[in-house]
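Working notes, structure below.
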Amino acid sequence: MTAILERRESESLWGRFCNWITSTENRLYIGWFGVLMIPTLLTATSVFIIAFIAAPPVDIDGIREPVSGSLLYGNNIISGAIIPTSAAIGLHFYPIWEAASVDEWLYNGGPYELIVLHFLLGVACYMGREWELSFRLGMRPWIAVAYSAPVAAATAVFLIYPIGQGSFSDGMPLGISGTFNFMIVFQAEHNILMHPFHMLGVAGVFGGSLFSAMHGSLVTSSLIRETTENESANEGYRFGQEEETYNIVAAHGYFGRLIFQYASFNNSRSLHFFLAAWPVVGIWFTALGISTMAFNLNGFNFNQSVVDSQGRVINTWADIINRANLGMEVMHERNAHNFPLDLAAMEAPSVNG
């Protein structure tokens with residue numbers, strides 16, 4: 001009998017740990033995905049903060065011209081960034097122990113790769129943790145599905161794009177002005193504004209903002225009055241109440257008359273699915289667009305597509321954008337190459353007499 005009790009005790013230690021990890025009674029749900037999420041996100045966050053404050057300049061282009069990104073090296077919150085790993089490293093896995101010294105690792109931008117890889121693993125686990133908690137509570141899995149959109153976008157700019165371009169130095173810098181620089185260079189090299197998937201992403205983000213504002217304002221305008229004129233309307237709601245807090249019939253009637261009848265949802269469930277799906281699908285397409293442009297399947301090129309009867313070019317806005325792209329391409333990485341890639345790739349004129 002004693003032996004049986006001891007075996008149960010030894011089994012229960014692991015069992016208690018499993019129950020604690022997967023318990024929905026904890027103040028914050030951990031879950032098995034959380035076991036990996038917590039250390040990876042803590043690592044990414046810690047290294048980001050330290051590097052943003054104190055990292056030395058990084059030779060991002062691999063031409064012995066380091067770029068400063070940290071606060072202690074002259075930057076402010078706007079101009080500061082974690083500089084991407086050097087082009088000299090390319091796509092090589094570059095942990096600290098692969099460098100000859102910590103100084104070399106910092107000079108070649110090792111912190112960027114460390115932060116990005118831990119961050120992507122962490123947010124993927126966060127998405128898995130959302131699904132896991134939904135599963136434990138008997139909920140549907142759509143919260144994790146919605147979160148997959150920003151996860152896909154982050155993976156596209158931090159991992160897929162560098163893979164397609166052949167170097168982590170082409171990844172998005174971790175900072176405000178660095179993000180803007182990434183966007184400008186991306187437009188110059190890939191003409192993203194003329195890519196249909198980017199257009200769908202813009203429609204998703206702006207449309208989602210519009211629909212969110214419309215829904216919130218309609219609900220707020222059709223609340224069922226539960227308070228006096230001297231009280232806040234918000235005091236009329238009690239958490240967990242069974243009664244509707246707004247009149248969906250009134251909201252439906254208002255919006256149907258404002259635009260037309262079938263523009264208004266008469267089903268609350270389909271309405272909220274639409275509100276979730278619109279921006280999520282748009283951001284999915286944007287991430288897919290970044291991932292295709294990573295391998296140089298670029299936006300539409302309508303340059304010099306309109307000519308008159310004499311064959312002379314009539315400039316369109318596409319030509320104006322192309323001129324701006326060339327200018328931006330000339331100005332970035334000025335010392336890394338002498339000509340924009342589009343011009344450098346042109347066939348050389350014949351010099352034969």
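Cβ coordinates are placed from backbone N, Cα and C, and glycine is handled just like the others.
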From 118-133, 246-261, the residue range that Swiss-Prot assigns the feature transmembrane segment: 118-133
Distance from Phe265 (quinone binding site) back to His332 ([CaMn4O5] cluster binding site), taken between C-alpha atoms, in Å: 49
Densest Cβ neighbourhood among His118, His190, His215, His272 (recorded positions), 10 Å radius: His190
Sparsest Cβ surroundings (other CB atoms within 10 Å) among the binding-site residues His198, His332: His332
For the transmembrane segment (274-288), sequence-distant contacts whose Cβ falls under 8 Å of one of its Cβ atoms, 6 or more beyond its ends: 142, 145-146, 148-150, 152-153, 155-156, 197-198, 200-205, 207-208, 211-212, 215, 265
Local Cβ density at Asp170 ([CaMn4O5] cluster binding site) - other Cβ atoms counted within 10 Å: 22
